[in-house]
Amino acid sequence: MFKSGFVTIVGRPNVGKSTLLNAIMKEKLSIVSCRPQTTRNNIQTILTEDNYQLVFVDTPGIHKPKHKLGEYMVKSASDAMKDVDLVLFLINPDEKPGRGDLFIIEQLKEVKVPVFLVLNKIDENPQEKVAETLKTYSELMEFEEIIPISALKGKNIDLLKELMFKYIPEGPQYYPEDMIIDQNERFIVAEIVREKALRLLSEEVPHGIAVEILQMKRNEKGTYHIEGNILCEKNSHKPIIIGKGGSKLKKISQYARQDIEAFLQSKVYIRLWVKVKEEWRDNQSLLKELGYKNMK
């Protein structure tokens, strides 16, 4: 008997959805940064084992939108809860249910498929706090399963996989067994660069940055030559991203190259520039060019 199903992971921004997906896949597939809203696009990730295939839709965190990109991210996350076989609602024990959580719960109540409550970061919280959070959420909604985990340390991830297998239906293998992600290489490269920029810039530049891959060519020796722009919204942000004598941009390129080489399994040369695009997050045509395809 072979089983297959589509699974979506929802939760407030910065709750650890991408980290959980990475723990399940044991691969660095989804951009992980300590800052909220770093996952901007639905990424279908495929886990294939001998007797089942799980297709994960990694979504942006649900939050109140402030611009066109924000509207897209919220719609993307909400749409992902439709036409799936299982929903994982990820929370942190050290945070009481806020308006965002209550908003998600109201949507989950309309879902016709099993919903798991997954408590992340249990290794960072006392058992009393975890128990208190469980009780609070259990009173708000009935869940098919409640699983405490540590995505970062991999605790109870195998248990979570077993329970997901239990609830998904019998079905075909939708993707080849060696396929682990349905986004193209250019998209992944852009996400890796953006992650490094977010990490290195810390609080110096807000979320108003994107990465535009201008060229990605592979020569006869298998070496990739990549060129791209880091887009920012203000002229004042440009020197911050570049850094003194180009030091910050050089570090972004260096750290990105290491991960890109691991991803592509090839040697990589990468050149990056910084370009100002004012209010790019409200520019629908540019958002489509950057890969946010469902903009209207």
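Using the three backbone atoms N, Cα and C, a Cβ is placed for every residue, glycine included.
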**OP:** Out of 11-18, 243-250, let me know the one Swiss-Prot marks region 'G1'.
**Re:** 11-18
Subject >> Which listed span Swiss-Prot calls region 'G4', if the choices are 120-123, 184-187, 216-219, 232-235 >> reply: 120-123
**OP:** When you get a sec, could you say which of 37-41, 62-66, 92-96 is annotated region 'G2' by Swiss-Prot?
**Re:** 37-41
**OP:** Choose the correct range: of 58-61, 98-101, 170-173, which one does Swiss-Prot annotate as region 'G3'? Give that range.
**Re:** 58-61
Original post:
When you scan the chain for residues with a C-beta under 8 Å from the region 'G4' (120-123), skipping those not six or more beyond its ends, what do you find?
Top reply: 15-16, 19-20, 90-94, 130, 148-153, 155
Subject >> Other C-beta atoms that fall within 10 angstroms of the C-beta of K17 (GTP binding site) >> reply: 29
**OP:** Sort the residues of the region 'G1' (11-18) into helix, strand and coil with DSSP and give the three counts.
**Re:** 2 helix, 0 strand, 6 coil
